[in-house]
Amino acid sequence: VIGGDECNINEHRFLALLYSERFQCGGTLINEEWVLTAAHCDMGNMYIYLGVHNVSVQYDDEQRRYPKKKYFCLSSRNYNQWDNDIMLIRLNRPVRNSAHIAPLSLPSGPPSVGSVCRVMGWGTITSPNETYPDVPHCANINILDYEVCRAAYAGLPATSRTLCAGILEGGKDSCRGDSGGPLICNGEIQGIVSWGGNICAQPREPGLYTKVFDYIDWIQSIIAGNTTVNCPP
């Protein structure tokens with residue numbers, strides 16, 4: 001996260017660190033057995049850490065899991081930059097709530113343009129040169145009109161299941177290594193960090209976030225055991 005500050009240790013109990021030897025992403029615990037992240041975060045030999053703040057410290061209530069099963073949009077195992085960049089992971093066993101671990105609510109409605117939301121992760125805090133922090137950084141950004149992103153990125157369709165979010169004048173943004181992590185509005189997960197400009201936090205180049213509200217039925221169906229459900233068309 002560019003332009004943010006170290007997150008408060010108590011404000012990210014739902015934040016998961018997805019890690020393999022050469023790759024990291026964020027994720028969000030949405031109940032004791034399920035983590036929501038981005039499809040492009042799929043990696044082999046993935047470990048999922050919960051209850052972590054400083055990655056170089058071992059916490060008493062830290063819990064490590066691995067995926068029992070990963071679910072993608074069946075309508076297309078393919079995702080692209082503006083479609084279906086979402087993955088639901090069933091953990092090999094449930095996690096226990098603790099001082100540093102608790103799930104985040106799914107959205108009760110879509111977010112409105114102008115809302116101030118919070119993005120967080122262990123991604124780089126500088127761009128284009130990368131500097132990875134030991135602790136997650138948090139920044140407040142705005143839900144922007146989708147047209148701002150259409151103006152910034154050639155090829156974005158007229159409508160998509162993504163949110164455009166950032167700061168128009170630049171300076172605050174998610175960045176490399178934050179992928180899959182949450183965009184939180186009013187205590188609910190509204191977005192999943194998906195993609196953005198090659199250099200992060202540039203003016204008029206906001207980030208794009210998978211719009212979680214559009215996938216609620218898909219998420220809830222899979223958790224309920226209906227694994228043949230398709231993503232929204």
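Think of each number as a place in line: the chain as shown, counted from 1.
Backbone N, Cα and C atoms are what each Cβ position is placed from, and that goes for glycine too.
Taken from Swiss-Prot, the feature active site, charge relay system covers H40, D85, S179. Marked as disulfide bond by Swiss-Prot: C25-C41, C117-C185, C149-C164, C175-C200. The domain 'Peptidase S1' feature in Swiss-Prot is assigned to 1-224. The annotation N-linked glycosylation site is assigned in Swiss-Prot to N54, N129, N226.
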DSSP three-state call for C200 (disulfide bond): helix, strand or coil?
coil
Where does the mean pLDDT land for the domain 'Peptidase S1' (1-224)?
95
Of the recorded positions listed as H40, N54, N129, S179, C185, the one whose CA lies nearest the CA of C25 (disulfide bond):
S179
From C117, N129, C164, N226, the recorded positions whose CA lies within 10 Å of that of C41 (disulfide bond)
none
What does DSSP call C164 (disulfide bond) in the simple three-state scheme?
strand
C185 (disulfide bond), DSSP three-state class -> strand
What is the separation, in Å, between the Cα atoms of C164 (disulfide bond) and H40 (active site, charge relay system)?
18
Per 10 Å Cβ neighbour count, which of the glycosylation sites N54, N129, N226 ranks highest?
N54
For D85 (active site, charge relay system): DSSP state (helix, strand, coil)
coil
I want to check the contact list for C149 (disulfide bond): same chain, sequence separation of six or more, C-beta distance under 8 angstroms. What comes out?
L156, T162, C164, P206, L208
Inter-residue Cα distance where the pair is S179 (active site, charge relay system) and C200 (disulfide bond), in Å:
13
Minimum Cβ neighbour count within 10 Å among the disulfide-bonded residues C175, C185: which residue?
C185
Taking only the Cα atoms, work out how far C117 (disulfide bond) lies from H40 (active site, charge relay system), in Å, as a whole number.
23
Integer Å value for the Cα distance linking C175 (disulfide bond) with C185 (disulfide bond) is 19
